[in-house]
Amino acid sequence: MTVEVYYDDDADLGLIQGRKVAVIGYGSQGHAHALSLRDSGVDVVVGLPVGSKSRPKAEEQGLRVLTPAEAAAEADVIMILAPDTAQRALYAEAIAPNLASGKALFFGHGFNIRYDLIKPPADVDVAMVAPKGPGHLVRRQYVDGKGVPCLVAVEQDASGNAFALALSYAKAIGGTRAGAIKTTFKEETETDLFGEQAVLCGGAAALVQTGFEVLTEAGYAPEVAYFECLHELKLIVDLMYEGGIARMRYSVSDTAEYGDLSRGPRVIDARVKEEMRKILGEIQSGEFAREWVAEDEAGRPNFAKWRAEGAAHPIEETGQKLRSMMSWVDRPITETA
Ligand SMILES: NC(=O)C1=CN([C@@H]2O[C@H](COP(=O)(O)OP(=O)(O)OC[C@H]3O[C@@H](n4cnc5c(N)ncnc54)[C@H](OP(=O)(O)O)[C@@H]3O)[C@@H](O)[C@H]2O)C=CC1
Ligand SMILES: CC[C@](O)(C(C)=O)C(=O)O
Ligand SMILES: [Mg+2]
Ligand SMILES: [Mg+2]
């Protein structure tokens, strides 16, 4: 299946420059979108609750900050970049009462639309501009004159112009410099959840922790196990990132490559693949979304317990000690104003 990819020349920046945009939330994605929209000549206002810790930061960076309801009332394009679990109540309380015919509701991830947690009225455009990278990278790339590729989708085209407007927004945050891929809310949501659960976050973290456990339980030094199972992963992933798995295999020794080819499929075997299919099934059926919403509504008891267990894993203590010996590694996440 071929995908449609759009670049700067396919997008008309004037469309979004002719609208007033409210960016609701000023976290990882929100700060990147708001600052880059402003620098692209768009009239932008940030919406944050009165007690939000990000209010002073957004104001220091020269942005006008209102409450979410005030920002939604002023704007005709409303981009929701609050946490996924906060969006349903935020929409009901602050955004729905301020939506009028002809306005556009934008998202950075399709979760709340895909799982019917938010049901916008029929007379507004509903679209998504989802950068395929963390917000701090989105902003840094924009400032450097480059961009992070993004996914663009339209769920509801009330105006008949929703896709062009979404492409225009993507251009304003640097997305079409790298390429904007047309998708659907369903595809973006399901693949994003699957990727972060099975491979990028869940799969990778469990693989690293388990490898570390096997080595240390067999009596090897935790420091050596840390280097082998976590630290060097970045070097290997960087090679894959630059030139695919083939580039990584070209760069490592023949011994490593033979071990990779002969042993890798024993680690990630048919049972693991079957479990991945199960995880995808839970995403597709809505089971994961229902579980996560219920967990959030219950005050996140399991989330807190699992987070604490993860933080107490011996690999964290070893890592902290080793990273303090490598001044270039333990960098805080910084924002580019
Ligand atoms: N993190 C990422 O790089 C990516 C995120 N996304 C999507 O982007 C969206 C935002 O995620 P992310 O940037 O990680 O979120 P963050 O947690 O980094 O930031 C959320 C922001 O929303 C604010 N906020 C919290 N509650 C409310 C509320 N009720 N009303 C208004 N604002 C509120 C927070 O305020 P305060 O500052 O006070 O905490 C914060 O500024 C999500 O849909 C996510 O799935 C998509 C691609 C990548
Ligand atoms: C991989 C995690 C992510 O999906 C992302 C940065 O794209 C997220 O939800 O944060
Ligand atoms: Mg993602
Ligand atoms: Mg995600």
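Backbone N, Cα and C define each Cβ position, glycine as well.
Just so you know, TrEMBL annotations are computer predictions that nobody has curated.
The model shown is predicted, which means the values in this text are computed figures rather than measured ones.
Here is what TrEMBL says about this protein:
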type: DOMAIN; residues: 3-183; note: domain 'KARI N-terminal Rossmann'
type: BINDING; residues: Tyr26, Gly27, Ser28, Gln29, Ser52, Ser54, Gly135; note: NADP(+) binding site
type: ACT_SITE; residues: His109; note: active site
type: DOMAIN; residues: 184-329; note: domain 'KARI C-terminal knotted'
type: BINDING; residues: Asp192, Glu228, Glu232; note: Mg(2+) 2 binding site
type: BINDING; residues: Ser253; note: substrate binding site
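Annotated features taken from TrEMBL, shown on the structure.
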residue : record                 : DSSP class
Tyr26   : NADP(+) binding site   : coil
Ser52   : NADP(+) binding site   : coil
His109  : active site            : coil
Gly135  : NADP(+) binding site   : helix
Asp192  : Mg(2+) 2 binding site  : helix
Glu228  : Mg(2+) 2 binding site  : helix
Ser253  : substrate binding site : coil
Proximal but sequence-remote residues of the same chain as Gln29 (NADP(+) binding site) (Cβ under 8 Å, at least 6 apart): Leu81, Gly108, Pro131, Gly135, Val138
For the binding-site residues Asp192, Glu228, Glu232, the one whose C-beta sees the most other C-beta atoms within 10 angstroms: Asp192
Whole-number Å value for how far Ser52 (NADP(+) binding site) lies from Asp192 (Mg(2+) 2 binding site) (Cα to Cα): 27
Annotated NADP(+) contacts Tyr26, Gly27, Ser28, Gln29, Ser52, Ser54, Gly135, maximal Cα-Cα distance (Å, integer): 18
Candidates near ligand 4 among the binding-site residues Tyr26, Gly27, Gly135, Asp192, judged by a Cβ under 6 angstroms: Asp192
Recorded positions whose CB lies under 6 angstroms from ligand 1, from Tyr26, Gly27, Gln29, Ser52, His109, Ser253: Tyr26, Gly27, Gln29, Ser52, His109
Whole-number Å value for how far Ser253 (substrate binding site) lies from Glu232 (Mg(2+) 2 binding site) (Cα to Cα): 14
Cα separation, Ser28 (NADP(+) binding site) to Ser253 (substrate binding site) (Å, whole number): 38
